[in-house]
Amino acid sequence: MARRGTEAFPDLGAQCDREDCNQLDFLPFDCDGCGKTFCAEHRTYRDHGCARAADQGRTVVVCEACGDAIERRAGDGGGDDAAVLEAHARSRRCDPARKRKPRCPVPRCKETLTFSNTSGCKGCGQKVCLKHRFPADHACAGAGAGAASKAAGAAAAARSAGQCGRDAQKKEGGGWKLPQSVRNMKIF
């Protein structure tokens, strides 16, 4: 049983159960193997030399075919990696098609497409990453329609600029042209 807290605050924290430590820790860790209380320095099975660590440890084996991580439990007989992988291969959960993640089809782009960074092109219907979402960035097959819409947009911008009287008077340098009478005025 761990000694709890101090005389002033008996419910605050606990002392480490390791014999050579006995440090008062205000956020102690309870070991799920041996049931003792330990400080942050001795919280792992290896750090406090837990006798029941083998019962509580978790190990996984990664399937080369589908990329899944299969947990190997000590209570299941333990088995070696080959037996665990063989059982996984016989199950219906092993699907080699899942291992290969979709990638952006743009040459030299190595971006993996996920739900949050995938954009579908309206011109060609290709799924590309966000860096290549514009038709000019991914050599869109429907770029002819994109070029026509760009030309239409430029024509509309030119019409709206021509309708505004102020824009017609604007100089190339960015300033406004003053009427001749104001330019000749002298200020004393």
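Including glycine, each Cβ sits where the backbone N, Cα and C put it.
Record features (Swiss-Prot):
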ZN_FING   10-58  zinc finger
BINDING   Cys16, Cys21, Cys39, His42  Zn(2+) 1 binding site
BINDING   Cys31, Cys34, His48, Cys50  Zn(2+) 2 binding site
ZN_FING   98-148  zinc finger
BINDING   Cys104, Cys109, Cys129, His132  Zn(2+) 3 binding site
BINDING   Cys121, Cys124, His138, Cys140  Zn(2+) 4 binding site
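Neighbours of the Zn(2+) 1 site: apart from Cys16, Cys21, Cys39, His42, residues of the same chain with C-beta atoms within 8 angstroms of the site's C-beta centroid are Gln15, Asp17, Arg18, Asn22, Gln23, Asp25, Phe38, Ala40, Glu41, His48. His42 (Zn(2+) 1 binding site) has His48 nearby among the binding-site residues His48, Cys124, His138, counting only those with a Cα within 10 angstroms of its own Cα. Among the binding-site residues Cys16, Cys21, Cys34, Cys39, Cys104, the residue whose Cα lies closest in space to that of Cys124 (Zn(2+) 4 binding site) is Cys104. A simple way to gauge crowding: the CB of Cys21 (Zn(2+) 1 binding site) has 15 other CB atoms within 10 angstroms, across all the protein chains here. Under DSSP, His42 (Zn(2+) 1 binding site) is assigned to a helix (H, G or I) in the three-state scheme. For the pair Cys16 (Zn(2+) 1 binding site) and His132 (Zn(2+) 3 binding site), the C-alpha distance works out to 56 angstrom. Sorting the binding-site residues Cys16, Cys34, Cys50, Cys140 by the number of other Cβ atoms within 10 Å puts Cys16 first. In this structure the alpha carbons, written CA, of His138 (Zn(2+) 4 binding site) and Cys34 (Zn(2+) 2 binding site) are 59 Å apart. According to DSSP, Cys129 (Zn(2+) 3 binding site) is assigned to a strand segment. Comparing local CB density within 10 A for the binding-site residues Cys31, Cys39, Cys121, the maximum falls on Cys39.
In this structure, His48 (Zn(2+) 2 binding site) is part of a helix by DSSP. Around the Cβ of His138 (Zn(2+) 4 binding site), the number of neighbouring Cβ atoms within 10 Å comes to 23.
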